[in-house]
Amino acid sequence: MMKGAKFSSLLVLFFIFPIAFAQLRVGFYSQSCPQAETIVRNLVRQRFGVTPTVTAALLRMHFHDCFVKGCDASLLIDSTNSEKTAGPNGSVREFDLIDRIKAQLEAACPSTVSCADIVTLATRDSVALAGGPSYSIPTGRRDGRVSNNLDVTLPGPTISVSGAVSLFTNKGMNTFDAVALLGAHTVGQGNCGLFSDRITSFQGTGRPDPSMDPALVTSLRNTCRNSATAALDQSSPLRFDNQFFKQIRKRRGVLQVDQRLASDPQTRGIVARYANNNAFFKRQFVRAMVKMGAVDVLTGRNGEIRRNCRRFN
């Protein structure tokens with residue numbers, strides 16, 4: 001039944017992204033590098049055992065890569081003006097994990113598995129390790145040959161709900177997808193500077209944001225006295241579940257855009273459905289991740305298969 005459900009979901013997505021899915025497929029490396037997904041999974045599992053926050057880090061990396069020129073690993077390039085140097089990418093980490101995975105794959109199957117697919121697969125595996133869904137995802141992406149920090153225009157935490165949703169709909173997704181992907185904040189961490197005004201002087205009023213639970217204000221103040229970051233899901237910060245949605249319905253959203261999801265007419269009904277049904281949220285999250293993983297991908301003879309994820313060939 002599960003295999004049929006996965007096939008059905010991918011069939012629907014094929015018609016949504018016909019060009020991308022024409023050359024992406026589940027098991028793309030089954031002949032050329034049959035151990036590829038096992039190598040990725042084992043190294044991610046090792047990292048997760050030491051640093052459970054790897055899930056949040058890889059989700060952030062995958063999102064930031066896909067939403068700038070597509071899922072092409074352009075974020076991984078080291079240079080003085082690459083995407084990696086742009087302000088919004090300053091908090092992206094776990095590049096060293098991608099390097100280790102790439103090194104093992106190159107030893108096993110030289111010039112075969114793209115860095116773009118490594119990021120996609122590693123993110124998928126880290127979500128499952130954190131208690132999220134296990135799912136199949138198409139592979140066959142190729143790596144981009146361009147990485148420019150001027151192309152990075154990712155939104156900040158005060159973006160409106162309509163603005164956030166439009167980022168996803170402009171990429172071929174819908175509102176359910178947008179809210180599901182923002183639900184990845186269930187394992188996220190936020191720099192205290194991103195919400196400091198909400199707990200001190202909201203919009204220059206000298207008082208905290210009235211839409212935030214006062215108990216959360218106090219808790220975040222204490223956290224930010226001793227740490228530069230705070231969990232975006234204060235209930236189960238290392239567990240991939242629907243607690244994030246339950247929290248924002250209780251006025252316990254840490255980022256302003258997260259809290260707005262629970263009250264905006266465009267998204268509050270979806271938030272309620274995800275909060276009330278963890279299985280439904282996880283199914284929708286899988287659909288959204290597969291869609292996002294097909295955004296503006298390079299396939300066939302386009303792009304390249306990098307030998308080192310930090311450098312163009």
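Placement of Cβ uses the backbone N, Cα and C atoms for every residue, glycine included.
Residues or ranges marked as Ca(2+) 1 binding site by Swiss-Prot on the basis of sequence analysis: ASP65, VAL68, GLY70, ASP72, SER74. Taken from Swiss-Prot, the feature heme b binding site covers HIS185, and the record attributes it to sequence analysis. Look at Swiss-Prot and you will find THR186, ASP233, SER236, ASP241 tagged as Ca(2+) 2 binding site, backed by sequence analysis. The disulfide bond feature in Swiss-Prot is assigned to CYS33-CYS109, CYS66-CYS71, CYS115-CYS309, CYS192-CYS224; the stated evidence is sequence analysis. The signal peptide annotation in Swiss-Prot covers 1-22. Annotated site 'Transition state stabilizer' per Swiss-Prot: ARG60, in sequence order, evidence recorded as sequence analysis.
Structure with Swiss-Prot features highlighted.
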residue : record                : contacts (Cβ under 8 Å, 6+ apart)
CYS33   : disulfide bond        : LEU105, ALA108, CYS109, THR112, VAL113
ASP65   : Ca(2+) 1 binding site : CYS71, ASP72, ALA73, SER74, LEU75, LEU76, GLU83, ALA116, VAL119
CYS66   : disulfide bond        : MET292, GLY293, VAL295, ASP296
GLY70   : Ca(2+) 1 binding site : GLY144, VAL295, ASP296, VAL297, LEU298
CYS192  : disulfide bond        : LEU220, THR223, CYS224, SER227, ALA228, THR229, ALA230
ASP233  : Ca(2+) 2 binding site : HIS185, THR186, VAL187, GLY188, GLN243, PHE244, GLN247
ASP241  : Ca(2+) 2 binding site : GLY131, GLY132, THR186, ASN278
CYS309  : disulfide bond        : ALA73, LEU76, PHE95, ILE98, ASP99, LYS102, CYS115, ILE118, ASP143
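Listed recorded positions: ARG60, HIS185; maximum Cβ neighbour count within 10 Å falls on HIS185.
ARG60 (site 'Transition state stabilizer') and VAL68 (Ca(2+) 1 binding site) are 13 Å apart (CA-CA, integer value). When the alpha carbons of ARG60 (site 'Transition state stabilizer') and SER236 (Ca(2+) 2 binding site) are compared, the span between them is 18 angstrom.
For the binding-site residues listed here (SER74, THR186, SER236), the lowest count of other CB atoms within 10 A around the CB belongs to SER236. Most other Cβ atoms within 10 A: among the disulfide-bonded residues CYS109, CYS115, that distinction falls to CYS115.
Those residues of the chain, other than THR186, ASP233, SER236, ASP241, with a C-beta within 8 angstroms of the mean position of the Ca(2+) 2 site C-beta atoms are VAL187, SER235, PRO237, ARG239, PHE240, ASN242, GLN243, PHE244, GLN247. Taking the centre of the Cβ atoms of ASP65, VAL68, GLY70, ASP72, SER74 as the Ca(2+) 1 site, the nearby residues of that chain (Cβ within 8 Å, site residues left out) are CYS66, PHE67, LYS69, CYS71, ALA73, LEU75, GLU83, ALA116, GLY144, SER147, ASP296. Sorting the recorded positions VAL68, CYS71, CYS224 by the number of other Cβ atoms within 10 Å puts CYS71 first. A helical conformation is recorded for HIS185 (heme b binding site) in the three-state DSSP classification.
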